[in-house]
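Undergrad: The structure follows.
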Amino acid sequence: MNKELESIYQNIANQSELGQTANYDSYYNPKRLYPIPRAPKRQEINLDPNSTTFYGFDCWNHYEVSWLNSKGKPVVAMAVISYDCHSPCIIESKSLKLYFNSLNNSTFPDVETVVQTISKDLSYCIGSEVAVNVYPLSDIPNQTIYAAFDGVCLDKLDIECSVYHVMPDFLSTSSELVEEVLYSDLLKSNCLVTNQPDWGSVQIIYKGKKINHEGLLKYLISFRNHNEFHEQCIERIFADIMRFCQPESLTVYGRYTRRGGLDINPIRSTEPCAFDGQNIRLIRQ
């Protein structure tokens with residue numbers, strides 16, 4: 001990371017509440033939300049922030065949502081939050097947790113008001129429309145928990161690993177043309193600011209020259225001591241595969257384990273992709 005980027009993210013560390021002891025609000029406080037611009041990290045990996053050559057979204061699931069109804073009785077719920085990958089900013093995850101905590105002792109007349117409030121606040125924070133669904137526990141649709149992504153699991157490959165900082169040079173292709181769906185549960189990186197571990201699974205769907213599976217797995221494992229936010233890691237994987245393997249089409253989908261009741265699930269693709277049907281839940285989630 002160059003010195004300019006280091007300065008930007010040091011300012012984030014100083015101004016946000018990441019890595020700091022936080023005070024919890026007793027009542028609704030949208031000022032707890034903290035945006036992080038996407039552009040600096042995209043410039044680092046040569047991904048044009050204004051490009052329309054990639055698509056995708058970020059999906060968050062929140063399992064610890066609560067507020068008071070008009071009679072002061074608590075309501076507990078789950079929330080699904082999604083927004084386009086071309087939003088100017090992402091939401092800093094701890095700030096989102098603190099924002100939701102500020103709802104705990106706040107009164108709302110109905111679920112619709114909660115949804116409207118959250119959508120308005122998050123949209124203002126990131127400078128783009130945010131879709132929000134809130135499900136009281138009694139209204140949550142039946143949800144299948146999947147043991148793994150669809151596709152061929154790379155993790156069964158018997159490889160030696162010794163590089164734990166991102167090494168895209170592991171990526172290579174043969175001349176054989178294929179369409180493949182691959183996945184790994186070995187994705188691990190660290191928070192850019194706090195160094196806390198982020199655990200995830202990643203699915204790679206592509207068409208083009210066959211990517212060497214051993215090299216791809218070594219590449220994914222090389223994120224192990226890398227410091228970046230979830231969304232940035234998935235974009236880096238997408239950008240590196242596009243650069244080093246040059247597939248005709250590519251989709252990279254990451255699903256991370258939760259922290260503070262929140263899990264983050266970014267998807268990036270060369271093809272337009274709708275959110276509907278994509279928010280599957282894996283066994284570690």
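In case you wondered, yes, glycine gets a Cβ from its N, Cα and C as well.
From Swiss-Prot, here are the annotated features:
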{"type": "BINDING", "residues": "I91, E92, S93, H230, E231", "note": "substrate binding site"}
{"type": "BINDING", "residues": "S93, K94, R259, G260", "note": "NADPH binding site"}
{"type": "ACT_SITE", "residues": "C191", "note": "active site, thioimide intermediate"}
{"type": "ACT_SITE", "residues": "D198", "note": "active site, proton donor"}
Undergrad: Want to know which recorded positions, from E92, S93, C191, D198, E231, are within 10 Å of R259 (NADPH binding site) at Cα; which are they?
TA: S93, D198
Undergrad: So for I91 (substrate binding site), how many other CB atoms are inside 10 Å of its CB?
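TA: Other Cβ atoms found within 10 Å: 24.
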Undergrad: For the recorded NADPH site, enumerate neighbouring residues of the same chain (Cβ within 8 Å of the Cβ centroid of S93, K94, R259, G260, site residues themselves excluded), in sequence order.
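TA: Other same-chain residues with Cβ inside the cutoff are L96, K97, G261, L262.
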Undergrad: Near E231 (substrate binding site), which residues of its chain come within a Cβ-Cβ distance under 8 Å, counting only those 6 or more away in sequence?
TA: R38, D58, C85, I90, I264, P266
Undergrad: Pop the Cα-Cα gap between the residue listed as 'active site, thioimide intermediate' and S93 (substrate binding site) into the table, whole Å please.
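TA: It is 10 Å, counting Cα to Cα.
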Undergrad: Comparing the binding-site residues H230, R259, which residue's C-beta has the most other C-beta atoms within 10 angstroms in this structure?
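TA: Result for the most crowded candidate: H230.
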